[in-house]
Amino acid sequence: MKILIRNGRVIDPANNIDETLDILVENSKISKVSKDIKNSADKTIDAADKIVLPGLVDMHVHLREPGREDKETICSGTKAGLKGGVTTLLAMPNTSPSIDSVKTLELVKKIIQKTAEANVFITAAITKARQGKELTDIARLKKEGIVAITDDGASVDNEELLLKALKIAKKEKILVLCHCEDKSLSKNGVVNLGFTSTRMGLRGISKESEYKRVERDIKLAEKADSPIHIAHVSCKESVEIIALAKGKGIKVTSDTCPHYFALSDAAVLGYDTNMKMNPPLRSKDDVGAIKKGLKNGIIDAIASDHAPHTENEKDIEFERAEFGVIGLETELAVAITELVHTGLLTWLDLARKMSLEPAKILRIKKGTLSVGTDADLIVLSPDKEWIVEKQNLISKSKNSCFLGRKLKGSVEYTICNGKIAYRWNS
Amino acid sequence: MRAAPKRNYMVWIKKDLLGLEELTKEEIEFILTTAESFKEVTTREIKKVPALRGKTVVNLFYEPSTRTRVSFEVAAKRLSADVINIAPETSSVRKGETLIDTGRNIEALKADIIVVRHNASGAASMLARHLSISVVNAGDGWHEHPTQALLDIFTLKEKLGKIEGLNVVIVGDISHSRVARSNIRGLTKLGAKVIVCAPEILIPPAIEEMGVEVTDDIDEALKDADAVNVLRMQFERDEEAAFPEKLEYFRNFGITPERLKKAKKNIIVMHPGPINRGIEMSSEVADGINSVILEQVTNGIAVRMAVLFLVAQAQDKLAVRG
């Protein structure tokens with residue numbers, strides 16, 4: 001199948017391209033990128049006034065399968081991703097059972113092969129059952145295809161163990177992705193510690209619980225001389241610590257999520273459990289620092305931390321509700337609305353944060369529109385407005401923190417591995 | 001046609017009372033004025049009016065409470081409502097029914113008002129979001145206890161004639177106190193100056209942003225105080241390890257005759273009850289001339305009658321409007 005995308009404004013940071021071009025997709029690869037491609041195609045997409053981006057690489061997604069298929073499956077999650085422009089995603093290992101053995105990994109690979117609608121890369125746990133006690137067989141798991149290790153949802157408390165994991169990861173050329181939270185400090189908190197927790201009468205999660213762990217993990221990475229990635233950065237101090245480390249030449253990368261730059265803890269005051277996630281929404285000051293970090297490159301990537309939960313687990317007392325929000329279907333539009341339309345980032349910056357950089361961090365061949373690479377790309381209307389509505393979400397779970405929000409920028413086509421995998425219908 | 005009452009007339013349209021945060025100064029004053037007329041009712045020989053005849057009030061109490069529940073029950077009965085009490089021990093909530101499901105079942109019984117006490121902050125507002133019948137918050141976690149604050153303010157106003165310009169000290173475990181939070185909201189809206197006083201570990205972060213002053217020196221705090229509201233110390237809340245020792249607390253924060261001697265002569269001493277004598281205050285103070293603790297209990301009935309009456313009225317208005 002040949003697809004010709006005509007006259008789109010092509011954004012490709014890998015090749016520093018931002019101009020109106022045609023793209024020809026052939027045999028699941030990008031075969032030509034130039035002006036006025038004269039070629040017959042099975043399908044021609046008129047992309048005049050549209051933006052063409054490399055498909056998003058979302059490096060933080062909870063697909064819940066195996067174990068919690070009522071929340072999401074590999075099939076439903078990848079479909080939701082395609083709707084949001086995500087053609088490649090990184091599945092977190094906190095499934096049930098955790099992805100901590102070759103056996104579970106094989107099972108997940110099999111499900112992906114059978115049911116995934118987009119490209120799925122897999123992480124394994126750092127420690128068995130994510131208990132922080134005993135390392136998984138990282139070398140073996142790497143051989144079987146994982147691209148990163150993480151105990152996401154938890155931090156590895158034991159320093160020696162994490163140091164050992166970092167050393168192995170370095171040798172195996174695999175990424176260590178850290179959820180930074182010192183639970184002895186965050187305790188049973190549920191919202192940002194400060195005026196918000198005081199007003200709401202809820203236990204607070206201090207910023208220290210995050211940034212102290214960011215600081216520690218970076219130190220360990222420095223000691224092991226291994227790359228490290230800090231996931232879902234939410235506060236100013238974390239950004240500052242990462243900036244310092246980068247300045248010193250430590251191999252640290254980081255990501256944040258749309259909710260940390262689009263919402264502050266003021267959003268949680270109505271006890272809406274769709275505003276409850278971990279780390280929590282922080283102060284306006286922190287939101288500003290996150291934006292600045294994105295602008296100046298301290299924060300390399302934007303990921304969704306897509307965390308589906310059923311209504312039964314969300315529509316209950318605030319302190320008892322699960323942490324987490326979905327994000328695959330909204331992350332691109334939120335980023336366009338909050339970062340590009342506001343002039344903070346250029347389209348090239350955006351494609352870097354959401355596609356090229358995460359691919360580089362994970363050392364996978366994605367995130368570009370170079371000739372000969374996999375044809376993963378998005379055609380989007382930059383100014384089209386739409387409202388996030390529950391009934392239009394295709395994820396199995398509906399716990400979005402952007403429900404009711406008007407966003408500007410919508411995906412018209414998602415092409416994944418050379419096929420039109422999603423098309424806006426209205 | 002009847003003429004509209006002249007003073008402080010307002011059409012009450014809020015079907016729920018969830019906290020003092022969402023009320024305006026005028027709304028708080030309107031509840032207090034309404035409570036004044038109900039207080040008159042409680043002085044009559046026959047203390048009952050037919051205002052809520054045919055209405056059903058359900059007291060849904062997930063936390064043990066005698067005082068507040070009985071106060072609501074008496075208030076509802078004096079308004080001629082039917083009252084049903086549900087407590088965790090005697091219902092299916094122990095079997096894992098969710099709060100919302102319980103609420104929906106109560107609604108299906110065609111009850112008109114749910115009075116809810118729950119240990120989760122935000123529980124009352126969550127219930128209100130899911131139900132069309134009225135929800136009155138009788139205390140949610142550490143968040144709000146609006147009727148307690150209203151009766152405290154009512155009592156203060158009755159004693160001192162006004163709220164604006166008063167110096168009010170709230171002493172005790174501010175961190176874990178819904179009574180403190182509701183009082184702070186109500187008092188500051190009505191123009192009082194509020195000082196919260198406690199050991200540092202019992203002061204929640206950024207509380208100053210609620211418009212209060214903070215101190216850990218009770219003698220200093222009492223100096224210019226017109227009233228002191230003494231919170232119950234819940235030492236059973238052991239999970240927060242760093243709790244002060246009882247006697248030490250009494251020594252540093254307990255309200256004693258010696259401390260009151262250095263304060264204004266007519267300082268009002270309040271307590272939401274139940275009192276830990278010898279911990280938050282000495283018996284001499286609890287039973288002394290400055291104490292209005294039992295008057296608070298009496299006034300609680302009038303305030304709760306007002307609240308039940310107003311939310312029921314709002315329901316009727318909503319029903320007429322469709």
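In case you wondered, yes, glycine gets a Cβ from its N, Cα and C as well.
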Residue from A:HIS232, A:HIS259 that TrEMBL also lists as binding Zn(2+) 2 with A:ASP152, A:HIS179: A:HIS232
Per TrEMBL, A:HIS60, A:HIS62, A:ASP152 bind Zn(2+) 1; matching candidate in A:ASP300, A:ASP305, A:ASP315: A:ASP305
Matching residue for the substrate site, where TrEMBL names A:HIS62, A:LEU63, A:ARG64, A:ASN278, A:HIS309, A:PHE323, A:GLY324 - out of A:ASN27, A:ASN39, A:ASN94: A:ASN94
Most Cβ neighbours inside 10 Å, all chains, among the binding-site residues A:ASP152, A:ASP305: A:ASP305
Other same-chain residues whose Cβ falls within 8 Å of the Cβ centroid of A:ASP152, A:HIS179, A:HIS232, the recorded Zn(2+) 2 site, in sequence order: A:HIS60, A:MET92, A:THR150, A:GLY153, A:LEU177, A:CYS178, A:CYS180, A:GLU181, A:ALA231, A:ASP305
Overall pLDDT for the domain 'Dihydroorotase catalytic' (A:50-238), taken as the rounded mean: 97
Additional residues around Zn(2+) 1, ordered along the sequence, whose Cβ is within 8 Å of the centroid of A:HIS60, A:HIS62, A:ASP152, A:ASP305: A:VAL61, A:MET92, A:GLY153, A:HIS179, A:ALA231, A:HIS232, A:ALA303, A:SER304, A:HIS306, A:ALA307
Pairwise CA distance, A:HIS232 (Zn(2+) 2 binding site) versus A:ARG64 (substrate binding site), rounded so that it is a whole Å: 19
Neighbour count (Cβ, 10 Å) for A:HIS60 (Zn(2+) 1 binding site): 27
